[in-house]
Amino acid sequence: MIRVGIIGAAGRMGHALIRACATTPGLTLAAAIERPGSPAIGTDAGELAGQAKLGIPVTDDLAAAIDGIDVLIDFTRPESSLAALALCQAHGKRLVIGTTGFGPEQKAAIEQAAQTLPIMLAPNMSVGVNLCLKLLEIAAKIIGDNTDIEIIEAHHRHKVDAPSGTALRMGEVVAAALGRDLKQCAVYGREGHTGERDPKSIGFSVIRAGDIVGEHTVMFADEGERVEITHNASSRATFAKGAMRAALWLAETPAGLYDMQDVLGLKNY
Ligand SMILES: NC(=O)c1ccc[n+]([C@@H]2O[C@H](COP(=O)([O-])OP(=O)(O)OC[C@H]3O[C@@H](n4cnc5c(N)ncnc54)[C@H](O)[C@@H]3O)[C@@H](O)[C@H]2O)c1
Ligand SMILES: O=C(O)C1=N[C@H](C(=O)O)CCC1
(Lines of atoms letter the chains of each structure in order from A; the text may use other names.)
(Lines give C-alpha, C1' and ligand atoms only; values in the text may rest on other atoms or scores of the structure.)
(Ligands and ions follow the chains in the order given, each with its own letter.)
Protein backbone atom coordinates (compact mmCIF):
# COMPACT_ATOMS: atom_id res chain seq x y z
CA MET A 1 0.00 0.00 0.00
CA ILE A 2 1.30 3.45 -0.91
CA ARG A 3 0.69 5.91 1.91
CA VAL A 4 -0.65 9.20 0.59
CA GLY A 5 -0.61 12.62 2.26
CA ILE A 6 -2.99 15.28 0.95
CA ILE A 7 -2.14 18.93 1.60
CA GLY A 8 -4.96 21.41 1.08
CA ALA A 9 -7.36 18.78 2.43
CA ALA A 10 -10.21 21.23 3.10
CA GLY A 11 -10.09 22.82 -0.35
CA ARG A 12 -12.28 22.10 -3.38
CA MET A 13 -9.63 19.75 -4.74
CA GLY A 14 -8.76 18.46 -1.27
CA HIS A 15 -12.27 17.02 -0.87
CA ALA A 16 -12.16 15.40 -4.31
CA LEU A 17 -8.69 13.97 -3.58
CA ILE A 18 -9.75 12.44 -0.25
CA ARG A 19 -12.71 10.74 -1.98
CA ALA A 20 -10.56 9.50 -4.87
CA CYS A 21 -7.85 8.18 -2.55
CA ALA A 22 -10.42 6.18 -0.56
CA THR A 23 -11.53 4.33 -3.71
CA THR A 24 -8.17 3.81 -5.46
CA PRO A 25 -6.70 0.31 -5.03
CA GLY A 26 -3.07 0.43 -3.88
CA LEU A 27 -3.40 3.80 -2.13
CA THR A 28 -4.26 4.57 1.48
CA LEU A 29 -4.75 8.00 3.01
CA ALA A 30 -2.14 8.42 5.75
CA ALA A 31 -2.27 12.18 6.39
CA ALA A 32 -4.50 15.16 5.62
CA ILE A 33 -2.93 18.57 6.05
CA GLU A 34 -4.41 22.07 6.15
CA ARG A 35 -3.12 25.56 6.91
CA PRO A 36 -2.81 26.61 10.56
CA GLY A 37 -6.07 28.20 11.69
CA SER A 38 -8.25 26.28 9.24
CA PRO A 39 -11.57 25.28 10.83
CA ALA A 40 -10.93 21.79 9.38
CA ILE A 41 -8.06 21.07 11.80
CA GLY A 42 -8.98 18.10 14.02
CA THR A 43 -11.92 16.96 11.90
CA ASP A 44 -11.90 13.51 10.31
CA ALA A 45 -10.66 13.62 6.70
CA GLY A 46 -13.38 11.24 5.44
CA GLU A 47 -16.17 13.23 7.10
CA LEU A 48 -14.63 16.48 5.83
CA ALA A 49 -14.99 15.12 2.28
CA GLY A 50 -18.62 14.06 2.91
CA GLN A 51 -17.77 10.36 3.28
CA ALA A 52 -17.54 7.75 6.04
CA LYS A 53 -15.01 8.31 8.83
CA LEU A 54 -11.43 7.39 7.82
CA GLY A 55 -9.78 7.78 11.23
CA ILE A 56 -7.36 10.37 9.84
CA PRO A 57 -7.64 13.71 11.65
CA VAL A 58 -6.75 16.81 9.64
CA THR A 59 -3.54 18.37 10.98
CA ASP A 60 -1.59 21.57 10.31
CA ASP A 61 1.75 19.87 11.09
CA LEU A 62 3.17 18.44 7.87
CA ALA A 63 6.61 18.12 9.51
CA ALA A 64 5.19 15.70 12.09
CA ALA A 65 3.17 13.73 9.52
CA ILE A 66 5.71 13.44 6.71
CA ASP A 67 7.56 10.33 7.90
CA GLY A 68 4.26 8.41 7.76
CA ILE A 69 3.67 8.99 4.05
CA ASP A 70 5.24 7.85 0.79
CA VAL A 71 3.77 10.43 -1.64
CA LEU A 72 2.47 13.92 -0.88
CA ILE A 73 -0.26 15.35 -3.13
CA ASP A 74 -0.39 19.14 -3.12
CA PHE A 75 -3.24 21.27 -4.45
CA THR A 76 -2.84 24.50 -2.46
CA ARG A 77 -1.10 27.80 -3.30
CA PRO A 78 2.43 28.35 -4.65
CA GLU A 79 3.96 29.52 -1.33
CA SER A 80 2.51 26.53 0.50
CA SER A 81 3.67 24.15 -2.26
CA LEU A 82 7.20 25.49 -1.93
CA ALA A 83 7.18 25.01 1.85
CA ALA A 84 5.93 21.43 1.36
CA LEU A 85 8.61 20.89 -1.29
CA ALA A 86 11.33 21.84 1.21
CA LEU A 87 10.00 19.28 3.71
CA CYS A 88 9.73 16.60 1.02
CA GLN A 89 13.35 17.30 0.07
CA ALA A 90 14.50 17.05 3.68
CA HIS A 91 12.65 13.74 4.18
CA GLY A 92 13.08 12.23 0.67
CA LYS A 93 9.32 12.10 -0.06
CA ARG A 94 7.78 11.96 -3.53
CA LEU A 95 5.55 14.88 -4.52
CA VAL A 96 2.59 15.30 -6.89
CA ILE A 97 1.97 19.03 -7.47
CA GLY A 98 -1.33 20.21 -8.94
CA THR A 99 -1.09 23.78 -7.69
CA THR A 100 -0.93 26.46 -10.41
CA GLY A 101 0.30 30.05 -10.52
CA PHE A 102 4.03 29.47 -9.92
CA GLY A 103 6.43 32.26 -10.91
CA PRO A 104 9.75 31.59 -12.71
CA GLU A 105 11.79 31.41 -9.49
CA GLN A 106 9.33 29.02 -7.88
CA LYS A 107 9.42 26.78 -10.98
CA ALA A 108 13.24 26.84 -10.82
CA ALA A 109 13.11 25.69 -7.18
CA ILE A 110 10.89 22.74 -8.18
CA GLU A 111 13.26 21.84 -11.05
CA GLN A 112 16.20 21.99 -8.66
CA ALA A 113 14.49 19.73 -6.10
CA ALA A 114 13.63 17.22 -8.84
CA GLN A 115 17.33 16.50 -9.29
CA THR A 116 17.14 14.36 -6.17
CA LEU A 117 13.39 13.76 -5.78
CA PRO A 118 10.65 12.26 -8.00
CA ILE A 119 8.20 15.14 -8.65
CA MET A 120 5.14 15.19 -10.93
CA LEU A 121 4.01 18.74 -11.73
CA ALA A 122 0.98 19.29 -13.97
CA PRO A 123 -1.50 22.17 -14.21
CA ASN A 124 -4.20 19.74 -15.27
CA MET A 125 -4.38 16.03 -14.41
CA SER A 126 -7.39 15.10 -16.53
CA VAL A 127 -6.80 12.59 -19.31
CA GLY A 128 -8.89 14.74 -21.68
CA VAL A 129 -6.79 17.87 -21.26
CA ASN A 130 -3.61 15.89 -21.77
CA LEU A 131 -5.04 14.39 -24.96
CA CYS A 132 -5.91 17.96 -26.05
CA LEU A 133 -2.28 18.99 -25.53
CA LYS A 134 -1.28 16.32 -28.08
CA LEU A 135 -4.02 17.41 -30.50
CA LEU A 136 -2.85 21.02 -30.14
CA GLU A 137 0.68 20.08 -31.09
CA ILE A 138 -0.60 18.44 -34.29
CA ALA A 139 -3.01 21.30 -35.11
CA ALA A 140 -0.32 23.93 -34.52
CA LYS A 141 2.17 22.15 -36.79
CA ILE A 142 -0.37 21.76 -39.60
CA ILE A 143 -2.27 25.07 -39.56
CA GLY A 144 -0.73 27.20 -36.79
CA ASP A 145 1.34 29.48 -39.02
CA ASN A 146 -1.65 30.28 -41.25
CA THR A 147 -4.20 30.95 -38.53
CA ASP A 148 -4.88 33.33 -35.65
CA ILE A 149 -4.46 31.43 -32.39
CA GLU A 150 -6.62 32.40 -29.42
CA ILE A 151 -6.96 30.60 -26.09
CA ILE A 152 -10.14 31.11 -24.08
CA GLU A 153 -10.60 29.71 -20.57
CA ALA A 154 -13.38 29.90 -17.99
CA HIS A 155 -13.28 28.97 -14.29
CA HIS A 156 -15.28 29.49 -11.08
CA ARG A 157 -15.38 32.81 -9.21
CA HIS A 158 -12.96 31.61 -6.47
CA LYS A 159 -9.99 30.94 -8.74
CA VAL A 160 -7.08 33.23 -7.84
CA ASP A 161 -4.66 32.87 -10.77
CA ALA A 162 -5.14 33.88 -14.41
CA PRO A 163 -4.78 32.71 -17.08
CA SER A 164 -5.19 29.18 -15.77
CA GLY A 165 -2.15 26.94 -15.59
CA THR A 166 -3.80 24.78 -18.25
CA ALA A 167 -4.29 27.70 -20.65
CA LEU A 168 -0.66 28.71 -20.20
CA ARG A 169 0.49 25.12 -20.83
CA MET A 170 -1.68 25.03 -23.97
CA GLY A 171 -0.01 28.25 -25.10
CA GLU A 172 3.45 26.80 -24.40
CA VAL A 173 2.69 23.63 -26.39
CA VAL A 174 1.38 25.60 -29.38
CA ALA A 175 4.25 28.11 -29.27
CA ALA A 176 6.86 25.34 -29.05
CA ALA A 177 5.31 23.50 -32.02
CA LEU A 178 5.61 26.73 -34.04
CA GLY A 179 9.12 27.65 -32.87
CA ARG A 180 7.77 30.75 -31.07
CA ASP A 181 8.59 31.96 -27.56
CA LEU A 182 5.36 32.35 -25.58
CA LYS A 183 6.94 35.13 -23.48
CA GLN A 184 7.38 37.17 -26.68
CA CYS A 185 4.12 36.37 -28.47
CA ALA A 186 1.48 36.09 -25.72
CA VAL A 187 -1.21 38.81 -25.56
CA TYR A 188 -3.16 38.76 -22.29
CA GLY A 189 -6.54 40.44 -22.92
CA ARG A 190 -7.17 43.46 -25.15
CA GLU A 191 -8.63 46.89 -24.47
CA GLY A 192 -8.75 50.27 -26.16
CA HIS A 193 -7.05 51.05 -29.49
CA THR A 194 -5.10 47.84 -29.91
CA GLY A 195 -4.22 48.13 -33.61
CA GLU A 196 -4.57 45.14 -35.91
CA ARG A 197 -3.81 41.70 -34.64
CA ASP A 198 -0.16 40.58 -34.87
CA PRO A 199 -0.38 37.32 -36.85
CA LYS A 200 2.35 35.73 -34.72
CA SER A 201 0.59 36.50 -31.43
CA ILE A 202 -1.20 33.97 -29.22
CA GLY A 203 -4.11 35.62 -27.43
CA PHE A 204 -5.52 34.69 -24.02
CA SER A 205 -9.03 35.51 -22.78
CA VAL A 206 -10.22 34.72 -19.26
CA ILE A 207 -13.70 34.32 -17.77
CA ARG A 208 -14.29 33.98 -13.99
CA ALA A 209 -17.90 33.17 -13.15
CA GLY A 210 -20.09 31.11 -10.83
CA ASP A 211 -19.13 27.48 -10.32
CA ILE A 212 -17.50 26.67 -13.69
CA VAL A 213 -15.16 23.72 -13.01
CA GLY A 214 -12.84 24.39 -15.97
CA GLU A 215 -13.29 25.10 -19.67
CA HIS A 216 -10.58 25.61 -22.28
CA THR A 217 -10.82 26.32 -26.00
CA VAL A 218 -7.95 26.90 -28.40
CA MET A 219 -9.07 28.50 -31.64
CA PHE A 220 -7.11 28.35 -34.91
CA ALA A 221 -8.97 30.90 -37.06
CA ASP A 222 -8.45 31.53 -40.76
CA GLU A 223 -10.59 33.45 -43.25
CA GLY A 224 -13.48 31.15 -44.18
CA GLU A 225 -13.00 28.53 -41.47
CA ARG A 226 -11.70 27.88 -37.99
CA VAL A 227 -10.75 24.84 -35.94
CA GLU A 228 -11.46 24.77 -32.21
CA ILE A 229 -10.11 22.27 -29.70
CA THR A 230 -12.22 22.36 -26.55
CA HIS A 231 -12.12 20.60 -23.20
CA ASN A 232 -14.86 21.00 -20.61
CA ALA A 233 -14.51 19.56 -17.11
CA SER A 234 -17.80 18.99 -15.33
CA SER A 235 -16.39 17.49 -12.10
CA ARG A 236 -13.18 17.83 -10.07
CA ALA A 237 -13.21 14.03 -9.75
CA THR A 238 -11.45 13.90 -13.12
CA PHE A 239 -8.47 15.90 -11.78
CA ALA A 240 -8.42 13.85 -8.56
CA LYS A 241 -8.44 10.55 -10.49
CA GLY A 242 -5.43 11.81 -12.47
CA ALA A 243 -3.63 12.74 -9.24
CA MET A 244 -4.16 9.20 -7.88
CA ARG A 245 -2.83 7.73 -11.10
CA ALA A 246 0.18 10.03 -10.79
CA ALA A 247 0.81 8.99 -7.16
CA LEU A 248 0.81 5.30 -8.10
CA TRP A 249 3.14 5.97 -11.04
CA LEU A 250 5.49 8.25 -9.09
CA ALA A 251 5.90 5.71 -6.29
CA GLU A 252 7.78 3.47 -8.78
CA THR A 253 9.74 6.22 -10.54
CA PRO A 254 13.26 7.57 -9.92
CA ALA A 255 14.15 11.22 -9.24
CA GLY A 256 13.21 13.69 -11.96
CA LEU A 257 10.63 16.29 -12.94
CA TYR A 258 7.70 14.70 -14.74
CA ASP A 259 4.33 15.85 -16.04
CA MET A 260 1.04 14.13 -16.78
CA GLN A 261 2.19 13.27 -20.31
CA ASP A 262 4.84 11.04 -18.68
CA VAL A 263 2.28 9.43 -16.37
CA LEU A 264 -0.08 8.70 -19.27
CA GLY A 265 2.69 7.55 -21.62
CA LEU A 266 1.86 10.30 -24.14
CA LYS A 267 5.37 11.75 -24.54
CA ASN A 268 6.30 9.73 -27.62
CA TYR A 269 2.97 9.75 -29.42
N1 LIG B 1 -3.59 20.25 -11.68
C2 LIG B 1 -4.92 20.12 -11.73
O3 LIG B 1 -5.46 19.17 -12.33
C4 LIG B 1 -5.77 21.11 -10.97
C5 LIG B 1 -7.15 20.95 -10.88
C6 LIG B 1 -7.87 21.81 -10.06
C7 LIG B 1 -7.22 22.83 -9.36
N8 LIG B 1 -5.89 22.96 -9.52
C9 LIG B 1 -5.13 23.96 -8.73
O10 LIG B 1 -5.07 23.49 -7.39
C11 LIG B 1 -4.98 24.58 -6.49
C12 LIG B 1 -6.08 24.47 -5.43
O13 LIG B 1 -7.34 24.62 -6.03
P14 LIG B 1 -8.67 24.54 -5.15
O15 LIG B 1 -9.78 24.97 -6.05
O16 LIG B 1 -8.74 23.27 -4.44
O17 LIG B 1 -8.38 25.74 -4.11
P18 LIG B 1 -8.97 25.92 -2.65
O19 LIG B 1 -8.72 27.34 -2.28
O20 LIG B 1 -10.37 25.38 -2.59
O21 LIG B 1 -8.07 24.94 -1.77
C22 LIG B 1 -6.75 25.20 -1.40
C23 LIG B 1 -6.58 24.69 0.01
O24 LIG B 1 -5.21 24.81 0.37
C25 LIG B 1 -5.17 25.20 1.71
N26 LIG B 1 -3.89 25.80 2.05
C27 LIG B 1 -3.42 27.03 1.73
N28 LIG B 1 -2.22 27.23 2.29
C29 LIG B 1 -1.91 26.09 2.96
C30 LIG B 1 -0.81 25.67 3.75
N31 LIG B 1 0.23 26.48 3.97
N32 LIG B 1 -0.82 24.43 4.29
C33 LIG B 1 -1.86 23.60 4.09
N34 LIG B 1 -2.95 23.95 3.36
C35 LIG B 1 -2.97 25.17 2.80
C36 LIG B 1 -6.32 26.20 1.86
O37 LIG B 1 -6.68 26.40 3.21
C38 LIG B 1 -7.39 25.51 1.04
O39 LIG B 1 -8.19 24.66 1.82
C40 LIG B 1 -5.07 25.83 -7.37
O41 LIG B 1 -3.77 26.30 -7.65
C42 LIG B 1 -5.72 25.33 -8.66
O43 LIG B 1 -5.41 26.09 -9.79
C44 LIG B 1 -5.15 22.15 -10.30
O1 LIG C 1 -10.22 25.21 -10.33
C2 LIG C 1 -9.06 25.51 -10.67
O3 LIG C 1 -8.41 26.41 -10.09
C4 LIG C 1 -8.43 24.79 -11.78
N5 LIG C 1 -7.18 25.09 -12.07
C6 LIG C 1 -6.36 24.43 -13.02
C7 LIG C 1 -5.64 25.43 -13.90
O8 LIG C 1 -5.29 26.53 -13.42
O9 LIG C 1 -5.37 25.12 -15.05
C10 LIG C 1 -7.01 23.31 -13.76
C11 LIG C 1 -8.51 23.32 -13.80
C12 LIG C 1 -9.17 23.72 -12.48
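Heads up, the Cβ atoms here are built off N, Cα and C, so glycines get one too.
Bear in mind that TrEMBL entries carry predicted annotations, made automatically and left uncurated.
When Glu34, Glu79, Glu150 are compared with the NAD(+) site residues Gly8, Ala9, Ala10, Gly11, Arg12, Met13, Gly98, Thr99, Thr100, Ala122, Pro123, Asn124, Met125 in TrEMBL, the one appearing in that site is Glu34.
Put simply, Ala122 is the one of the binding-site residues Gly8, Arg12, Glu34, Ala122 whose Cα lies nearest to the Cα of Thr166 ((S)-2,3,4,5-tetrahydrodipicolinate binding site). His155 (active site, proton donor/acceptor) falls within a strand segment according to DSSP.
Restricting the recorded positions Glu34, Arg35, Thr99, Lys159 to those with a CA within 10 Å of the CA of Gly165 ((S)-2,3,4,5-tetrahydrodipicolinate binding site) leaves Thr99, listed by sequence position.
For ligand 2, the neighbouring binding-site residues among Ala10, Asn124, Gly165 are Asn124, Gly165, by Cβ distance under 6 Å. Among the recorded positions Ala10, Glu34, Arg35, His155, His156, Thr166, residues whose Cβ is positioned under 6 Å from ligand 1 are identified as Ala10, Glu34, Arg35.
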